[in-house]
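Written below as structure tokens is the structure these notes are about.
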Amino acid sequence: KFSDHEERLSGSDREEDEDDVEAALKKEVGQIRASTEQKLRRFQSVDSGANNVVFIRTQGIEPENLVHHILKDMHTTKKKKTRVILRMLPISGTCKAFMEDMKKYTETFFEPWFKAPNKGTFQIVYKARNNSHMSREEVIKELAGIVGSLNPENKVDLNNPQYTVVVEIIKTICCLSVVRDYVLFRKYNLQEVVKSNKEDKQQNPSSLTEEQNSEVVKAETEEKSSKEVKEENK
């Protein structure tokens, strides 16, 4: 049996304990909610492992459509909307940067664009960062062979391809995407795509003719050559 005084003390202790438990639960729920919201953010920065390369993970967004929309808007308006970003490339799939892993993965990855009855002209562009064990020639040859095996009507076109297979290797990770209008949008270069060009004013995305496209490539080549000459003169 407890005295009234002892009962009052024990009752107040219980209330304090309940308050502590309630506060702890609220804190834990808040942490879980914050953690969940962070995981489900539409855009989240991820360490790429390479200098000057920022990787943004998206949630519920098609990277190819998003980046193509941004470049199409910049190409049309000719408004420069960034000072520090040089290129913006969508990444739709990743795998280990070893030839066997890449071959196995791309056999399925390429299907939406190149498996019969789908077909198209294509080129493959390759870049490696912090990686020396992969061979550029071998990667391009093997991936081109896989595209051809999905449908023999898929043909290589280095001047005016319908699709460009982008292969970006960072350390031991291979990042892949298949993009449109790669030549028209100046290799997805945000600084170059806003520059005025006579051919650009007469062209629409995804509707380049072979003759028009060759003029764009020629103009870009001449621009690069002039820059190289200036640098040599310096």
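Here the Cβ of each residue, glycine as well, is placed from N, Cα and C on the backbone.
Any TrEMBL annotation is an automated prediction that lacks curation.
Marked as compositional bias 'Basic and acidic residues' by TrEMBL: 1-13 (among others).
The feature compositional bias 'Basic and acidic residues' is assigned by TrEMBL to 217-234 (among others).
Per TrEMBL, the feature domain 'THUMP' maps to 73-180. On the 0 to 100 pLDDT scale, the model's mean across the domain 'THUMP' (73-180) is 95.
Per TrEMBL, region 'Disordered' is recorded for 1-21 (among others).
Look at TrEMBL and you will find 196-234 (among others) tagged as region 'Disordered'.
Applying DSSP to the domain 'THUMP' (73-180) sorts its residues as follows: 35 helix, 31 strand, 42 coil.
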